[in-house]
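Worksheet for the structure shown next.
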Amino acid sequence: MSDARVPRIPAALSAPSLNRGVGFTHAQRRRLGLTGRLPSAVLTLDQQAERVWHQLQSLATELGRNLLLEQLHYRHEVLYFKVLADHLPELMPVVYTPTVGEAIQRFSDEYRGQRGLFLSIDEPDEIEEAFNTLGLGPEDVDLIVCTDAEAILGIGDWGVGGIQIAVGKLALYTAGGGVDPRRCLAVSLDVGTDNEQLLADPFYLGNRHARRRGREYDEFVSRYIETAQRLFPRAILHFEDFGPANARKILDTYGTDYCVFNDDMQGTGAVVLAAVYSGLKVTGIPLRDQTIVVFGAGTAGMGIADQIRDAMVADGATLEQAVSQIWPIDRPGLLFDDMDDLRDFQVPYAKNRHQLGVAVGDRVGLSDAIKIASPTILLGCSTVYGAFTKEVVEAMTASCKHPMIFPLSNPTSRMEAIPADVLAWSNGRALLATGSPVAPVEFDETTYVIGQANNVLAFPGIGLGVIVAGARLITRRMLHAAAKAIAHQANPTNPGDSLLPDVQNLRAISTTVAEAVYRAAVQDGVASRTHDDVRQAIVDTMWLPAYD
């Protein structure tokens, strides 16, 4: 090895949270040993952000913009979040879905260094050592987002590249909710991959073996949770894009003892429930009297069903009544309690075919289920494009003046229905929310603004509220409060009004959600911090991209 000395990089330039680039004044440059290390110009943060925005606009592809922002995030954190804050509606699709999916697929090819921690199932004894390399104490971490990348967005298993979904999620926690990025961690739980394309790729950077499952997987996840909670007892443990079976199992196993959160289930449920609450302002029918068909009874669909069930009980229904008014449909059709392959979370909602007069072996599809149940709400979580046909929509309007029809699947190519079609088939009577962003629709001389059931309306505010409360758990009441707070910020008083608030006002939305979550945490006795002026405590906690 050569004894030649190499130039050092000053900490003020190498640490993303400290770096100001050409934002350092000349006095600061002299004090920090940066003389001659930067061009002579000194720019304000606004000027730097304007330069980056100009660079982004000059790029031809969303992936190119994602890569530019990723590198900025890696070296200059304050500027990254300033650009994101100034242009959040435009850049959310770049730093998160859908563009992050493409970035994840190209992770090993484009790897230039990465924020986050990589924990391997092949080295479970190194989990604590890996956390210790960060040099952080028990009071230094508020939020950890981890993924095993088995079910990334709509693209499936992408192994170690899934770290970018955790990084992207944290970026939205900060941009949308003011969660301090210096107090957040992204973690990859690398348990292998079943993606043959990755295993055959000579450049793939993750474990080169099939996904470990069963007892070994469970013990690895348990060890991660125990270690993270012991080292950082105040941290929210957010689980992102786990496979359906593991996502549900982890939440059910640890949700009553640890501050765990699954956005795919709980965040989605809160936002959809918020859209339902807004719809009730139009229909005037109490939640306890609604009947819901869930088309796509997987983890997301039944997670939504669980939250609606809990809200119906809070509205005065018995648990038995609430469950009976939710109708799950999956690949076999309407789910019946005599089916052999029901998942645990589907069982409570499965119907008795004999009570409905359905012969053994007969399949009840969506249209027939609607005729039997006379639902007021139809939720699409199936990823089956076009499943909500004209016949389905007309059946919904036959039993309800203003049916809520929510094609929630992502991306647009997998939506159960196009809003323009639903409005035409329902003669403008349907109340709509979608999972993908949709342009306003003109129908019968009215402009219909279609609310997007985007989880970003919920999870930043939920996280912020939990942090301000120092909550040791995330309870049903807290999620219910978040949904009501989101709905409170939408006012569908006129035909065509959106059922959900605009993400343009995301920081204000998150502040209101955080306050509601905090108050629910106090009410449930899980808060460790109390504040006389809750709103001010929330504002004081929110991190802003600025030079100190």
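Counting starts with 1 at the first residue shown.
Note: Cβ is positioned from N, Cα and C throughout, glycine not excepted.
Copied from Swiss-Prot, the annotated features are:
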type	residues	note
ACT_SITE	Tyr96	active site, proton donor
ACT_SITE	Lys169	active site, proton acceptor
BINDING	Glu240, Asp241, Asp264	divalent metal cation binding site
BINDING	Ala297, Gly298, Thr299, Ala300, Asn410, Asn455	NAD(+) binding site
Just jot down the residues in the same chain as Gly298 (NAD(+) binding site), at least 6 apart in sequence, with C-beta under 8 A of its C-beta; none if empty.
Pro244, Asp330, Cys381
Return only the integer: C-alpha distance in Å from Glu240 (divalent metal cation binding site) to Asn455 (NAD(+) binding site).
12
Could you measure the widest C-alpha to C-alpha distance across Ala297, Gly298, Thr299, Ala300, Asn410, Asn455, the residues recorded as binding NAD(+), and give it to a whole number of angstrom?
19
Check the binding-site residues Asn410, Asn455 for other C-beta atoms within 10 angstroms of each C-beta and report the one with the most.
Asn455
The residue listed as 'active site, proton donor', number of other Cβ atoms within 10 Å:
23
Listed recorded positions among Tyr96, Asp241, Asp264 whose Cα sits within 10 Å of Asn455 (NAD(+) binding site):
Asp264
What are the non-local neighbours of Ala297 (NAD(+) binding site), defined as same-chain residues 6+ apart in sequence with CB under 8 A from its CB?
Ala305, Pro328, Ile329, Asp330, Leu335, Gln346, Tyr349, Cys381
Sorted by sequence, non-Glu240, Asp241, Asp264 residues with Cβ within 8 Å of centre, divalent metal cation:
Thr147, Ala151, Ile152, Ile165, Lys169, Phe239, Phe242, Ala247, Asn262, Asp263
Closest of Tyr96, Lys169, Asp241, Asp264 to Thr299 (NAD(+) binding site), Cα positions, recorded positions only:
Asp264
Can you give me the Cα-Cα distance between Asn410 (NAD(+) binding site) and Asp264 (divalent metal cation binding site) in Å, rounded to a whole number?
12
